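Chemist: Attaching a single structure in structure tokens format; questions to follow.
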């Protein structure tokens, strides 16, 4: 095998169009991201059809910019990695069809990547010496998982949400208290001005050994609290609501992740996904894990949110295992972790 394997990666599962060039799964030569946040902000969330159209408008330029920044041409690329699920089907199709076209035209192998696997692999970029096994907490707008990574590309899901993802709950609560979209960063910011002990919102604790999550109850409790305040004409302290809600979500995420580590006897937790940039989650996880002798690994913000570099990293580890994807592959919006 060549000393250096160069992956051109493409990500378009939601509202970021991204392309990257990644070498050997850990070195990022370029990572171009065209965000649509300003486009969707006025709608209070991502509009799937609008997202697809925006991907179509920019994908060619984004891929070319990624190649140019890396000082590469397609001749220098060994394989093309692309997200094929989970995500918004229309958005996924834009990146997938573009990648399939490149693979067909150049004869380069295509590697379909699970978006969640990409988030986990972002840690290999930031932590060059990181190797499995380790635990990973994946928290984003659409996904919440506790994953035991046994080996490269081999996962065991120990816990997942039974309803709303953590990031989805953040967005809905932010909208309810008038903070707008995207909710996660705005709740994180205003929470710094609030008292996290001001309101006791419930935590979902299941009565068996499951490590699953449920955030719909917390979200509903916040909405009920707001409705009662409005009906009584009482003032609502947005900062206190945000801080108390955030703490209730973070406490459950941290507790279950530490339990998972103890059950598998691992001493490393990697964090992935957009909600991993939340300051309360970072601080609480580091503080509580220190008490248990568990190391916490958290990538920088740009690698927590959707990006193609993480897809390139995951694609590399698939490539060296000899896995290739047929050009007949289709988008799978509800793709499960570990499915191929």
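A Cβ is built for glycine as well, from the same backbone N, Cα and C atoms used for every other residue.
Because the structure is a prediction, the values reported are computed rather than measured.
For 115, 119, 306, the entry in Swiss-Prot reads Fe cation binding site, with the evidence type sequence analysis. Sequence annotations record features per position, and here Swiss-Prot assigns substrate binding site to 138, 139, 140, 141, 142, 171, 184, 188, 278 based on sequence analysis.
Each of these features: where is it, how hidden is it, and who are its neighbours?
Modeler: Under DSSP, residue 306 (Fe cation binding site) is assigned to coil, being neither helix nor strand in the three-state scheme.
According to DSSP, residue 138 (substrate binding site) sits within a strand segment.
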Chemist: Taking the recorded Fe cation site as 115, 119, 306, identify the other residues of that chain whose CB atom sits within 8 Å of the mean position of the site's CB atoms, giving them in sequence order.
Modeler: 11, 13, 83, 116, 118, 140, 143, 273, 307, 310, 311
Chemist: Between residue 184 (substrate binding site) and residue 306 (Fe cation binding site), what is the CA-CA distance rounded to a whole number of Å?
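Modeler: Cα-Cα, rounded: 14 Å.
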Chemist: Residue 306 (Fe cation binding site): which of the binding-site residues 140, 142, 278 is the nearest Cα neighbour?
Modeler: 140
Chemist: Tell me the coarse DSSP state (helix, strand, coil) of residue 119 (Fe cation binding site).
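Modeler: Reduced to three states, the DSSP call for residue 119 (Fe cation binding site) is helix.
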Chemist: Looking at the binding-site residues 138, 142, 278, which ones sit with their CA no more than 10 Å from the CA of residue 119 (Fe cation binding site)?
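Modeler: Cα filter at 10 Å returns 138.
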